[in-house]
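The signal peptide annotation in TrEMBL covers 1-26. Residues or ranges marked as domain 'P-type ATPase N-terminal' by TrEMBL: 33-97. Residues annotated as transmembrane segment in TrEMBL: 91-109, 291-314, 343-362, 887-908, 920-940, 970-989, 1009-1027, 1039-1062, 1082-1103. Annotation source TrEMBL lists Mg(2+) binding site at Asp408, Thr410, Asp830, Asp834. According to TrEMBL, the feature ATP binding site maps to Asp408, Lys409, Thr410, Glu511, Phe552, Lys575, Arg609, Thr689, Gly690, Asp691, Arg804, Lys810, Asn833, Asp834. The active site, 4-aspartylphosphate intermediate annotation in TrEMBL covers Asp408. Here TrEMBL flags 857-1109 as domain 'P-type ATPase C-terminal'.
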Amino acid sequence: IQSTSCLIPAWLERTTLLISFLLCLSEKRCLMANNRLFNSIFEYPNNTIKTSKYTIFNCLPLNLFEQFQRLANAYFLVLLLLQLIPQISSLAWYTTVIPLIVVLSITGVKDAIDDVKRHQNDKQVNNRSVLVLVNGRVKEDKWMNVQVGDIIKLKNDHPVTADVLLLSSSEPCGLTYIETADLDGETNLKVKQAISITSDMEDDLELLSAFKGEVKYELPNNKLDKFSGVLSYQGKTYLLDQDRLLLRGCIIRNTDWCYGLVIYAGPDTKLMQNSGITAFKRTHIDHLMNVLVLWIFLGLGAMCFILAIGHYIWENKKGYHFQIFLPQAHHTSSSAMSSFFMFWSYFIVLNTMVPISLYVSVEIIRLGNSFYINWDRKMFYAPKNIPAQARTTTLNEELGQVKYVFSDKTGTLTQNIMIFNKCSINGKLYGYCYDSSGQIVQVSEKDKVDFSYNLLADPKFSFYDNTLVEAVKSGDYWVYLFFLSLSLCHTVMPSDKTEGKLEYQAQSPDEGALVTAARNFGFVFYSRTSETITVVEMGSTRVYQLLAILDFNNERKRMSVIVRTPENRVMLFCKGADTIICELLHSSCASLSDVTMDHLDDFASKGLRTLMVAYRELDNAFFQTWINKYTEACLSFSDRKKNISVIYEEVEKDLILLGATAIEDKLQDGVPETISTLSQAKIKLWVLTGDKQETAMNIAYSCSVFKDEMDGIFIVEGSNSETVLQQLRTARKTMKPESLLESDPVNIYLTNKYRRSFNIPEEVPNGNYGLVISGCSLAFALEKNVELELLRTACMCQGVICCRMTPLQKAKVVELVKRYKKVVTLAIGDGANDINMIKAAHIGVAINGNEGMQAVLHSDFAFCQFHYLQRLLLVHGRWSYMRMCKFLNYFFYKNFAFTLVHFWYAFFNGFSAQTVYDTWFITCYNLVYTSLPVLGMSLLDQDVREKWSLVFPQLYEPGQHNLYFNKKEFVKCLVHGIYSSFVLFFVPMGTVYNSERSDGKDISDFQSFSLIVQTCLIWVVTLQVALKITFWTAISHTIVWGSLGLYFCVLFFLYSDGLYLLSPGTFQFLGVARNTMDQPQIWLGLILSMVLCVIPVIGYNFLKKQLCPLHVDKILDSIHDCMGNPLSPPICASVKRPSLRRSAYAFSHKEGFGALITSSKIMRSKLYNPNK
């Protein structure tokens, strides 16, 4: 249009565009390549992304809105407004506004810093450079300027800018290799192919610029594995599917360049469609404190109402007689009006029931416990010089309450490194090291095989059994066939992109490991065409004619190749799952099969991924007959796949067993031990992965999510809602038959619940079970009518594996558990595909691994190794939860004891809202006198050392059930505070009532009484915190007892003559301290108060442990016994259970790659020159 605009009238051009626009509306969405004017009509978003929450304009109001969702902040705002009314305010307004501003400012700055990081990340991504085709030239532009309909050029190892339709590439017929780790967690290469009409354009800029294809396609959605559209070009239409689409987040691999047409940009891309919303995370204790603050608010209102009524009665009966001495204020015209004002006066006086210092202290404690995580040297990963990071300071105690852990697999549980570990060839086991007596010993570097004899060996490959090399060198026939099979039966592509190096493009990491193993043992695969495979066998180059590839798929669980050897022999080589290959073996292999099966059991017990290898020599006449049938089946129009499968089975039979391979999908250090420890702590682990079912299950066994001794593993693989529902109910019936009855308590509970959200109680199965469900079935299981069935079934299982999941499905599973279970969830992953579940869980943890920083940027905590998770939860999390609960119990108690004294005093001062304490004492009570002991306890206390937290994971259970601080414990604090306030008021009252000094002077004045009450209060609350501390150090003693000394120092300073002379109106308690403290009855009253307040606590704690001890109390007793008698190391016995044999087959391979290789149209001869 741009080139012909001078010939076409403007009105005609606009009319044409409008007609096209109306036509496209019926097709949901359409675009025209290289035509921004046309595409602008639809107002598609550009490629800008936004993950931040705030802008410069909404930052302050939005952050304040979030902060005032915390009920306490709203409470203090109301209190501040009341203090601005002079008729009722008995305290200065700044005593509330300054702390409130400080708290809001600190939290706001912290939130702003976090969002600035998100802005910086968005800016960095949006400003990446990309090559865009403009007016026949390739120009560099920013990602954010890319628009739908643009043609962009992508280079090797570069991320894909947007969702693009592949047009052409440097590879044969538009093949492009991509890595999708950021989308599904898989690092094995996948292949995409351009349609033929555009692949012929290659990198001809003139042809690409002239391309005016029109694409009609579906609206943006979050389905990563589905796409449908139609390309109209030069009067013809071409169907488009997901195999033509490169998604944003993929990385171009082993492809020099490719061109693509932008289909979806920015927020419309499937990656962003799968991105969840960043939620404001608050702990369960925060939610509980909101409820408790509401309770206190209501209780405060009730007390103020009682005291206001008391004031009304007092005014009517006695206040009238005091008018001559204490006239009513001008604004109080009656007793009722006076009572109304007195209600609000008491509301202000009693506001210390929830002082704002509570929230300041909570933030200090959380910050301190976050530093402990950052400083933990046992969570420091030396190889990368990276410490653990607490990226948020608001979720520490939540770490001590986790019940469900949702983990990614690749890069989180595994290192994503495939290693050829062991093999069995013709009944002989290879891969172990033996001593002189024939006993298996641990491998060491001195046992490492020297492959220097092989010039084409991969220097990174390691093997530790020299007998296999000797067998290869000696020309063992079966070893020869075994490695020849590995070098021929695969879909690996050789690459010589790096000068002088042989590299492989493996669609599956398993295949890469097997071909590399064959390469190192002298069978080097180094080139292929559509018709040949070239292998260097012990230095001799041999070319095999490739006759057919019998491709892998999930049903066959095997793949085969048929080749013609240089000696004109037709050979079929096959590899696949042992359960499948065993059914295809010749009867003569029965005894060898039994031996190999024993070896496979051994491999499976060590968590290795296994494949069986077999071969068959074919008669030329038989092969010719078979290949004709195969060709006919490939050309059939109906039931083509079924016909091909039948033809495959005709040739894949009577196989001769060669042996088996064992590949280690290398786990991260300490993964099985960590999962076992978490299981003992009653923490359930669900693995959410984009990997295949067999691969995920194999890793589940390797890392102890599943165990051989389990009573059963349920596999849900239904293709519709009804089938999935039935499979889930069948599983639940097996685990707990009575759960299907209407009389079951949980069914009754669910029947009576009409609310949208409710909590499903825990159900205990009659054994240990596991559940496996694929992403396809999960889509139906997450529907409204099935999701509760999924949740009930999965929660009864010991371990759950969800495979082939999209990032959004991961988040939905986490949200499902959050919605219906009153538990704390934690999600851990390492890639961008894990971001959604990390944001969805109560706690998000990132593994700082090899897949970039995307997961870390969205996480709450980050470290480098999965096994650090047990320290994070069992040590730091448990301590943080215990400390926070002790702090809250004590803090509420000491403020109830402090505040409620005013309530008792009201009955003796005419309900006049007079305070018991000196104003300076009220100011310093929470800020100075009692702050250090409670902070010391909350930052330093340990009930047991970290060693015992890991040895006895059962210590973690109280946090899961929130036993240390809940509504019941709060009521105990309230009762305790009421009792203490009663003692603290009436014991000093009795002490000074009608009492005299030794010189005959009266001491029953208000100031002396106030001093005695506050001194008793300080001693009592200090002793209470001393009783709660279980880990005494020199610092603890200094802080606790030093605070008492500090109280007396400040007391004598504030009541000194100098300060009174300096400001008589401010410092009014002149000489009270020295005149009162020298009286013996004062000290006797102090001792009596302490005894009456402390003895009940000691008695209650003693009787509770004796009469109804918690499970954790018994464990603590065991720990004390172990401290006297050290634990002996556990004896681990290996028990073989052949009756529970399982296949360890796992193969991450995709169907269809074989057809690409054998297609003569798309293959060019790409020979690797070994002499480079």
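Going from the start of the chain as shown, residues are counted 1 onward.
Including glycine, each Cβ sits where the backbone N, Cα and C put it.
The separation of Thr410 (Mg(2+) binding site) from Asn833 (ATP binding site), Cα to Cα, is 11 Å.
For the binding-site residues Asp408, Gly690, Asp830, Asp834, counting C-beta atoms within 10 A of each C-beta gives the highest total at Asp834. Tertiary proximity for the transmembrane segment (1082-1103) is limited to same-chain residues at least six positions away from its ends with a CB under 8 Å from its CB atoms, namely 976, 979-980, 983-984, 987-988, 990-991, 1012, 1015-1016, 1019-1020, 1023-1024, 1027, 1076. Take the binding-site residues Arg609, Arg804: by the count of other Cβ atoms within 10 Å of each Cβ, the lowest one is Arg804. Across the fold, the C-alpha of Asp408 (Mg(2+) binding site) and the C-alpha of Gly690 (ATP binding site) stand 8 Å from each other. Most Cβ pairs under 8 Å to the transmembrane segment (920-940), among the stretches 291-314, 887-908, 970-989, 1039-1062, belong to 1039-1062. Residues 70, 72-73, 75-76, 79, 82-83, 85, 88-91, 96, 99-100, 102-103, 293, 296, 299-301, 303-305, 307-308, 884, 887, 891, 895-896, 898-899, 902-903, 906, 913, 915, 922, 925-927, 931, 934-935, 938 of the same chain lie 6 or more positions beyond the ends of the transmembrane segment (343-362) yet place their CB under 8 Å from a CB of it. Mean pLDDT across the domain 'P-type ATPase C-terminal' (857-1109) comes to 87 in this model. Mapped onto DSSP helix, strand and coil, the domain 'P-type ATPase N-terminal' (33-97) counts 31 helix, 0 strand, 34 coil.
Taking pairs at least six residues apart, the transmembrane segment (1009-1027) and the transmembrane segment (887-908) share three or more Cβ pairs below 8 Å and count as touching.
The stretch in closest packing with the transmembrane segment (291-314), judged by the count of Cβ pairs under 8 Å and taken from 887-908, 970-989, 1039-1062, is 887-908. Away from its own ends, the transmembrane segment (970-989) comes close to residues 292, 295, 889, 892-901, 903-905, 908, 916, 1009, 1012-1013, 1016-1017, 1020, 1085, 1088-1089, 1092-1093, 1096-1097 of its chain (Cβ-Cβ under 8 Å, at least six residues beyond either end). The Cβ of Asn833 (ATP binding site) has 32 neighbouring Cβ atoms from other residues within 10 Å, across all protein chains displayed.
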